[in-house]
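*Asks:* Heads up, here are the entries from TrEMBL:
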ACT_SITE  13  active site, nucleophile
ACT_SITE  15  active site, proton donor/acceptor
BINDING   13, 15, 208, 220, 225  Mg(2+) binding site
BINDING   22, 124, 135, 142, 180, 182  alpha-D-mannose 1-phosphate binding site
Ligand SMILES: [Mg+2]
């Protein structure tokens, strides 16, 4: 086996970088990753949870990559072993979490919008997902809310109120999708995983959404990484071959 470059790691986003979105990796990508691992240390970082990642990269993903960072690294594995976990619940604590949820539910209760359904706040492991209409609305109701929100700015007004009220918690608010917004601590983007990579002096990151507002932007821009923008899994393959296997 060739000697792997010490201090260097190639770190990959998942969707549109190693695989088509939510799809399994192609046999040629799996083969390529094996070859690449002979010469460099490799890792994957994704916002998805571990079951989605192994669904796309295969059941042996833990053995095929040196590092697997699911949920942006809130769940971190090295050599197949769990090396760290973090959750919003343990980070904020129940008191602060309750304070935030109580205020937000009151705010939603006082909102006069055409319809409301159910599940206004969902606590996930690394974030709160907040929806003024409620997550269990139908697709038509979603579409209607999205249009209504474009005119009345329900979500962006809500974000400015929450941002001011909870400034002391250093939270990031992100409006995404049609009906909701995500709330998570500052720094809980893909850069979160970098805390596990102190031993590497050269971290090459490959991702597709490296533009401002994209979920690869922060890690791509980080001083700790050498960022590479890719346009597809094929492009990832091409760029890595030129960089590491030439
Ligand atoms: Mg991606």
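Note that Cβ sites are derived from N, Cα and C of the backbone, with glycine treated the same way.
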*Asks:* For a quick check of understanding: among the recorded positions 13, 15, 182, 208, which residue's Cβ has the most other Cβ atoms within 10 Å?
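*Replies:* Within the set of recorded positions, the most crowded position is 13.
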*Asks:* If I take the alpha carbons of residue 135 (alpha-D-mannose 1-phosphate binding site) and the residue listed as 'active site, nucleophile', what is the distance between them in whole Å?
*Replies:* 28
*Asks:* I need the nearest neighbour of residue 225 (Mg(2+) binding site) among the recorded positions 15, 22, 180, using C-alpha distances.
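*Replies:* So, spelling it out, the nearest of the recorded positions is 15.
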*Asks:* Please list, in sequence order, the residues in the chain of residue 22 (alpha-D-mannose 1-phosphate binding site) that are at least six apart in sequence and whose C-beta is under 8 Å away from its C-beta.
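*Replies:* Once residues fewer than 6 apart are set aside, residue 22 (alpha-D-mannose 1-phosphate binding site) is near 15, 52, 56.
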*Asks:* Whole-number Å distance between the CA of residue 124 (alpha-D-mannose 1-phosphate binding site) and the CA of residue 13 (active site, nucleophile)?
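*Replies:* Their Cα atoms are separated by 21 Å.
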*Asks:* Can you list which of these recorded positions (13, 15, 22, 208, 220) have a Cβ closer than 6 Å to ligand 1?
*Replies:* 13, 15, 208
*Asks:* Which residues of the same chain, at least 6 positions away in sequence, have a Cβ lying under 8 Å from the Cβ of residue 142 (alpha-D-mannose 1-phosphate binding site)?
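*Replies:* Those within reach of residue 142 (alpha-D-mannose 1-phosphate binding site), by Cβ under 8 Å and sequence separation of 6 or more, are 133, 178, 179.
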*Asks:* Rounded to a whole number, how many Å is the Cα of residue 182 (alpha-D-mannose 1-phosphate binding site) away from the Cα of residue 208 (Mg(2+) binding site)?
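*Replies:* With the alpha carbons as reference points, the distance is 21 Å.
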*Asks:* What is the separation, in Å, between the Cα atoms of residue 208 (Mg(2+) binding site) and residue 180 (alpha-D-mannose 1-phosphate binding site)?
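*Replies:* Per the Cα atoms, residue 208 (Mg(2+) binding site) and residue 180 (alpha-D-mannose 1-phosphate binding site) stand 24 Å apart.
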*Asks:* What is the interatomic distance between the Cα atoms of residue 180 (alpha-D-mannose 1-phosphate binding site) and residue 220 (Mg(2+) binding site), given in whole Å?
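*Replies:* Residue 220 (Mg(2+) binding site) has its Cα 26 Å from the Cα of residue 180 (alpha-D-mannose 1-phosphate binding site).
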